[in-house]
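Structure first, commentary second.
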Amino acid sequence: MAGGKIPIVGIVACLQPEMGIGFRGGLPWRLPSEMKYFRQVTSLTKDPNKKNALIMGRKTWESIPPKFRPLPNRMNVIISRSFKDDFVHDKERSIVQSNSLANAIMNLESNFKEHLERIYVIGGGEVYSQIFSITDHWLITKINPLDKNATPAMDTFLDAKKLEEVFSEQDPAQLKEFLPPKVELPETDCDQRYSLEEKGYCFEFTLYNRK
């Protein structure tokens, strides 16, 4: 990416088929293998001299238990209209506060391009809705309950129509190539998909690229 912009990647787990991403500000599931995937994908890089930035809204930041934040080995960028400044960097804690998504990305591009491999956007719903025009890729974990009668309630959704209009799902080989080599993927299933079953859910790791 020498001379180019830092790739922007949306990463999210979605309940199928409506692409539900949350309920009452949280998630109705706790899937350790999915959380491990998220941690590895966003922490690891192909270039050992670079790191990744995570952009999130204030509510997403506050939903992370205090003992786990900032998320380690990543630049944590929190955006909120309540912040006065365009960009405030706490270098010691690797935390940035910005008053808008546009200002956050502009400053990351201007000041950290040589040090960042990717910018991951991790939520919440309002932030996801703003990034379809600027995102290069989406990493979507597609989640299905094993018992269709036990489908959890959702009140926040990814815009599935916009996703399908602008992005196309890639095959599993392209997902593997896209990820840093140390990310641990499950064995592929009979359809050559990267899928797992855990705690009453089946979930599949997928990559979408801009058309």
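Just so it is clear, glycine is given a Cβ too, placed from its N, Cα and C backbone atoms.
The annotation in Swiss-Prot ties Glu34, Met35, Lys36, Tyr37, Phe38, Arg39 to substrate, and of the candidates under consideration, Arg24, Arg58, Arg69, Arg74, the one tied to the same site is Arg74.
Farthest C-alpha pair in the substrate-binding residues Glu34, Met35, Lys36, Tyr37, Phe38, Arg39, Arg74: 18 Å apart.
In space, Phe38 is the closest of the binding-site residues Glu34, Met35, Lys36, Phe38 to Val127 (NADP(+) binding site), judged by Cα positions. Distance from the CA of Glu34 (substrate binding site) to the CA of Ala13 (NADP(+) binding site) is 8 Å.
Taking only the Cα positions, the spacing between Met35 (substrate binding site) and Lys59 (NADP(+) binding site) is 19 angstrom. Ala13 (NADP(+) binding site) carries a strand DSSP state (E or B).
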